[in-house]
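Student: Below is a structure I'd like to ask you about.
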């Protein structure tokens with residue numbers, strides 16, 4: 001199969017939405033019957049985002065094969081059916097690490113290792129490998145044109161443009177076209193300078209995606225075409241919209257997919273965007289609203305919980321309600337108690353690391369349990385629910401996780417001491433082990449208890465979900481917790497590890513050690529999130545009857 005490559009760059013400012021634009025184009029091409037994948041090339045020196053602060057970088061998205069990747073890969077999976085893997089995201093740090101490892105082995109036969117050709121060749125090899133087996137591979141370059149960090153990546157795709165030729169490569173550049181209220185018009189000069197910067201390193205854009213808070217007038221598009229040497233039909237206006245799921249249709253209406261298909265000489269059907277039209281209709285026509293309290297520690301940056309936010313919205317679509325997310329700092333719960341949890345239709349405690357705010361999450365789980373409020377715990381959210389139950393129902397006062405209190409008399413949650421690395425090797429872990437790459441990661445089979453809420457949600461006795469954690473339920477206390485009434489509704493493939501818990505005599509109190517948000521999509525939703533939002537809606541109706 002001959003793969004065509006679309007390289008997506010950004011200019012003027014960061015956060016223009018390259019990932020959304022790339023994913024939206026991929027969605028249209030997929031709707032035309034093409035097999036599409038998307039890659040993200042990140043210019044930072046970290047080997048992966050696994051140890052980066054969520055409040056700086058946003059969430060870490062985990063792929064099925066256990067790669068810790070940029071949150072943009074979450075957008076990719078929500079827009080197209082293709083599942084991402086570790087080949088879809090790599091960083092400057094990863095490239096340098098691999099090149100230096102080869103140098104130490106002597107693979108370069110004593111050559112002087114340089115950015116060109118050794119680093120650029122390594123980048124090109126990864127891009128080609130990531131695109132294999134697909135009709136089209138869209139490659140997003142992180143950062144902004146002009147950044148020092150991005151230069152090796154830009155040089156690499158410039159070389160690929162020459163080596164593969166125009167019939168297999170296309171360069172798409174996102175820029176900002178701001179509107180100045182004082183002048184009463186949009187300004188194209190930033191775009192002109194951004195394209196000039198891109199052309200100075202040897203890349204001539206074939207398509208310009210012009211971002212702004214309004215549509216770009218036809219005369220300004222003609223001006224951009226003239227000064228940037230891009231044909232007018234390839235100057236695409238991408239205005240702000242109230243839903244990112246409207247963007248595929250917006251790009252389709254301007255013929256972007258036709259331009260791509262013609263450029264690559266591909267024969268395929270017209271795009272069928274009916275699934276996206278249905279998503280947009282559901283989003284615009286809810287029959288009610290539920291308020292979900294998300295109790296976490298990274299709430300100052302909602303992108304830290306990006307996939308959870310989106311999964312709740314998807315569940316709202318399936319239940320025909322809009323979901324309003326109330327972000328609650330778990331430390332505020334510690335300071336003010338139950339009062340900050342009033343007026344909610346459900347509580348969700350997402351994943352996280354570290355001791356700060358953990359008692360607030362435990363209090364949130366207790367409030368939900370005692371007040372029959374729907375509760376959904378994810379990863380740490382499951383662990384705090386189990387700790388709360390152990391303390392206040394099972395009689396294990398001061399029960400805790402060894403992550404937060406190594407001297408706890410009841411370590412109901414403990415460190416996983418053995419794991420398999422990305423190369424399949426069994427490694428031993430201890431408290432002093434590296435933080436990066438030393439977690440239980442990726443898709444794992446889970447056996448579900450027949451008759452449980454989990455089994456009802458999944459409509460079966462098994463599920464496969466993605467993990468990212470280094471602490472697990474301590475099996476030593478399983479029997480005592482079960483005797484106190486806790487239901488272990490999900491177990492690992494070997495039935496040795498607890499994957500899900502729930503409460504029997506509660507309207508909906510379900511928690512999982514995995515991260516179901518990573519597999520939720522706007523078209524398909526996710527069974528656990530759908531069940532949670534349905535329970536929240538039912539709770540609201542019960543409250544209204546009282």
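Keep in mind that glycine also has a Cβ here, set from the backbone N, Cα and C atoms.
Summarising the annotation, Swiss-Prot assigns active site, nucleophile to 379 and lists sequence analysis as the type of evidence. The feature active site is assigned by Swiss-Prot to 515, 517. According to Swiss-Prot, the feature UTP binding site maps to 14, 187, 188, 189, 190, 191, 192, 223, an assignment based on sequence analysis. Annotation comment: Swiss-Prot describes 14, 147, 148, 149, 187, 188, 189, 190, 191, 192, 223 as CTP binding site. Residues or ranges marked as ATP binding site by Swiss-Prot on the basis of sequence analysis: 15, 16, 17, 18, 19, 20, 72, 239, 240, 241. Feature annotation from Swiss-Prot assigns Mg(2+) binding site to 72, 140; the stated evidence is sequence analysis. According to Swiss-Prot, the feature L-glutamine binding site maps to 352, 380, 381, 382, 383, 403, 470, an assignment based on sequence analysis. The domain 'Glutamine amidotransferase type-1' annotation in Swiss-Prot covers 291-542 and is backed by sequence analysis. Sequence annotations record features per position, and here Swiss-Prot assigns region 'Amidoligase domain' to 1-266 based on sequence analysis.
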Student: Counting other CB atoms within 10 A of each CB, which of the binding-site residues 15, 191 comes out lowest?
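Tutor: Counting other Cβ atoms within 10 Å of each of the binding-site residues 15, 191, the minimum falls on 15.
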Student: Cβ atoms within 10 Å, counted per site: which of 72, 240 has the most, among these binding-site residues?
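Tutor: Compared across 72, 240, the most Cβ atoms within 10 Å surround 72.
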Student: Using C-alpha atoms, which one of the binding-site residues 189, 382, 403 comes nearest to residue 19 (ATP binding site)?
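Tutor: Smallest Cα separation from residue 19 (ATP binding site) among 189, 382, 403: 189.
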Student: List, in sequence order, those recorded positions among 17, 72, 240, 515, 517 whose Cα sits within 10 Å of the Cα of residue 190 (UTP binding site).
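Tutor: Qualifying among 17, 72, 240, 515, 517: none.
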Student: Taking 8 Å from the centroid of the Cβ atoms of 352, 380, 381, 382, 383, 403, 470 as the cut-off, which other residues in that chain fall inside it around the L-glutamine site?
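Tutor: Counting only non-site residues, the set is 351, 353, 379, 384, 401, 413, 469, 471.
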Student: Max Cα distance spanning 352, 380, 381, 382, 383, 403, 470 (L-glutamine binders), Å?
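Tutor: 14 Å is the greatest Cα spacing among the residues binding L-glutamine.
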Student: Would you mind reading off the Cα separation of residue 148 (CTP binding site) from residue 515 (active site), to the nearest angstrom?
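Tutor: One finds 35 Å between the Cα atoms of these residues.
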Student: Would you identify the secondary structure of residue 140 (Mg(2+) binding site) according to DSSP, in three states?
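Tutor: Once the DSSP labels are grouped into three classes, residue 140 (Mg(2+) binding site) ends up as strand.
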Student: Want to know which recorded positions, from 140, 187, 191, 379, are within 10 Å of residue 515 (active site) at Cα; which are they?
Tutor: 379
Student: Secondary structure at residue 470 (L-glutamine binding site) (DSSP, helix/strand/coil)?
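Tutor: For residue 470 (L-glutamine binding site) - judged by DSSP and reduced to three states - the answer is coil.
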Student: For 14, 188, 192, 383, listed as binding-site residues, tell me which one has the smallest number of other Cβ atoms within 10 Å.
Tutor: 14
Student: Taking the Cβ of residue 517 (active site) as reference, which residues of that chain separated by at least 6 in sequence fall under 8 Å from it?
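Tutor: Spatial neighbours, sequence-distant, of residue 517 (active site): 307, 308, 310, 311, 350, 378, 526, 529.
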Student: Between the residue listed as 'active site, nucleophile' and residue 403 (L-glutamine binding site), what C-alpha distance do you get in Å?
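Tutor: Cα to Cα, the residue listed as 'active site, nucleophile' and residue 403 (L-glutamine binding site) are separated by 13 Å.
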Student: How big is the Cα-to-Cα gap, in Å, between residue 352 (L-glutamine binding site) and residue 72 (ATP binding site)?
Tutor: 19
